[in-house]
Amino acid sequence: MAKIEKKQAVKNNQVLSLAEKIKRKALEKQQQAHANEPSPSDEDSAQSNSKDSNSNEQPEESEEIFESFTELDLVPELIEACKNLNYNKPTPIQSKAIPPALKGSDIIGLAQTGSGKTAAFAIPILNQLWHDQQPYYACILAPTRELAQQIKETFDSLGSLMGVRSTCIVGGMSMMDQARDLMRKPHIIIATPGRLMDHLENTKGFNLRKLKYLVMDEADRLLDMEFGPVLDRILNIIPTQGRTTYLFSATMTSKIDKLQRASLTNPVKCAVSNKYQTVDTLVQTLMVVPGGLKNTFLIYLLNEFIGKSTIVFTRTKANAERISNLCNLLEFSATALHGDLNQNQRTGALDLFKAGKRSILVATDVAARGLDIPSVDIVINYDIPVDSKSYIHRVGRTARAGRSGKSISLVSQYDLELILRIEDVLGKKLPKENVDKDAILALRDSVDKANGEVVMELNRRNKEKQARGKGRRGRMATRDNMDREER
């Protein structure tokens, strides 16, 4: 027993030794980084700078571009809210979508994330709500809980001077609490499709018979996540007469075209970008990683970019949890975001990262689209995504609203075909990142030992969890299972 404890103490000392070395080097880099860094600005401040607001998409010359929100014939309370939020100049998608929306047209909005599309549909809805206030006025469908919460925050901010009441109806939260919120007759409902369907079928006194606006945000992802059947049921329940519908998507696919034909009437198409692209301010590189060295390469990179706001993307929830724990064991400041966390844990992780209390977010693709995460400096693809769309959305977390950013992809021999497809979509070869191979190899033994400790601890937790979960397998699953981000 004493030998085992002594051996464990030696392993722990080796891990701590690596952490101390990293910490000493990190302190120097962090001081230098903070001395040279400009102060970060919120992503929404892009609306106050004309150069920033036009950085991601180029408007068509035939379309009118507005210089301020006062030109859009909005109610004074909404204009004042825009000023308070530093929304001084409409972004291209807002300039294109808001005028026809104010005239009552159905809208198809095609724009990338970070383009201001949430405000593009929130502003016309709130403007009309001011003239015709009634409960259950608008319903916004979103593919993820995090995006739904973000949309709610936008409505609350823009409607702050108008007495707007909103609620967020998503899986992973109490049905009873949500039912009580719905009974308070909010004006705006933001929901994931599965949970909305639960309430339409099971919550007494709740219906959307008088709904005036329906919005499907990130519609391409709604369909990718197999929400199609639930969307069909929702569309069959809510009224078509007297309803205005907005559909926003990053791309126009055959599925999106079928959905818009079934749900929209003579829509106005407002396209800012209809192809996948990355911004010029994003530097994209790759690192060819020999077998068994991916963890070591990652720790090397995190040490090189210490003090920078970094998102590490993984393909699986297990990897996200493991890498987050590995980073923390080596005294990096990390938190995880994935679908196995409950809603409070996910919100807490995002809040820690956005507030700068954690510099590293280790996430699955749940964080790749739609989330408002300001000032991300570095994106690292620990696992290469299986499709080019996911790559574009991942690296799009950085270099937003005119800022510079960097993405680095760790490429193994099994990823070569995937990276070739990505390069084909980008229309260019990704250069290799310059690395100090000797420094990487010097970290290998210590990183492997630390990873072994993490794997043992996670296995122990999983066994405890399985023991607690015995006897529950026979229970019927609810539609909460549809409000998931990883399949």
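Easy rule for this one: first residue shown is 1, then count along the chain.
Yeah, the Cβs are placed from backbone N, Cα and C, and that goes for glycine too.
The ATP binding site annotation in Swiss-Prot covers ALA111, GLN112, THR113, GLY114, SER115, GLY116, LYS117, THR118. Summarising the annotation, Swiss-Prot assigns compositional bias 'Basic and acidic residues' to 477-487. Annotation source Swiss-Prot lists domain 'Helicase ATP-binding' at 98-270. Under the heading domain 'Helicase C-terminal', Swiss-Prot lists 298-442, citing sequence analysis as support. If you look up Swiss-Prot, you'll see 22-67, 459-487 marked as region 'Disordered'. Annotated motif 'Q motif' per Swiss-Prot: 67-95, in sequence order, evidence recorded as a curator's inference. Per Swiss-Prot, motif 'DEAD box' is recorded for 217-220.
In the structure as shown, the Cβ atom of ALA111 (ATP binding site) sits within 10 Å of 25 other Cβ atoms.
Only residues 6 or more beyond the boundaries of the motif 'DEAD box' (217-220), in the same chain, are considered here, and those with a CB under 8 A from a CB of the stretch are 117-118, 121, 140-144, 147, 151, 247-251, 253, 255-256, 259, 369-370. Ranking the binding-site residues GLN112, SER115 by other CB atoms within 10 A of the CB puts GLN112 at the bottom. When the domain 'Helicase C-terminal' (298-442) is classified with DSSP, helix, strand and coil residues number 63 helix, 24 strand, 58 coil. Here the motif 'Q motif' (67-95) has, by DSSP, the following mix of helix, strand and coil residues: 17 helix, 0 strand, 12 coil. Summarising model confidence by region, the motif 'Q motif' (67-95) averages a pLDDT of 93.
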